[in-house]
Amino acid sequence: MALVSINQLPENILLEVFMHVPARQLLRNCRPVCCLWRDLIDLVSLWKRKCLREGYVTEDWDQPVSDWKVFYFLCSLRRNLLRNPCAEEDMKSWKIDSNGGDQWKVESLPGAHGTGFPDSKVKKYFVTSYDMCLKSQIIDLKAEGYWEELLDKFRPDIVVKDWFAPRADCGCTYQIRVQLASADYLVLASFEPPPVTIHQWNDAKWTEVSHTFSDYPPGVRHIFFQHGGKDTQFWAGWYGPRVTNSSVVISHRVTRNPPHAMAQP
């Protein structure tokens, strides 16, 4: 019985096989095999089908996608890159930059003179004191699975969100700083709005802060996230701003027209 080359299979059968091969293996191991495999693996239809199969889009998806291959990888990597954002593990994963007053503390929602959080799944928050309290994380994008060409050529949006609230019976000041940095930690882009001061006898409402980094310079390899604050009345205890549910998420920008070629991840 004569052996049959896999390349003699109809292209639709080969595409079905490729549908079940992990995406990184497709680019690293399968795409270099021959011109036929390269051309099939570069087909938009393959990556769109993989997106459908993984649940990244639905059949009625109507938003424009300029590069389905990039879209697939960004969807597969999409998650909150900050660890322990809602204080479920006390202060784990956070670097304490300033620990003034009676220092950082974790409390359960809604807290004294506080209000419930909009998302009922969030149960805890970090709270500051009467002198400056700041905490931070540094995200290593390469360690999180984002390779250089994906970041430099396609420059996906980097969406930063944070939530803060005062106590109703005490004024406070809240601040946030987020920086995109190079491999050697040179700052390439930053978000650092003026501190927010809330007066005593407020509604203790939770407020969302949001910023999207787009079209930033190439070379981003790290993200520095820092937030915190203090109360304005210098009261002993934990009367400063409360923070929780912070997030840094990298997402595909569907309206962008990036270069077509993408190197192996």
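Each residue, glycine too, has its Cβ placed from N, Cα and C.
Here is what Swiss-Prot records for this protein:
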- 3-50: domain 'F-box' (DOMAIN)
- 71-252: domain 'FBA' (DOMAIN)
- S251: phosphoserine (MOD_RES)
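Regional average pLDDT for the domain 'F-box' (3-50) in the model is 87. Under DSSP, the residues of the domain 'F-box' (3-50) split into helix, strand and coil as follows: 34 helix, 0 strand, 14 coil.
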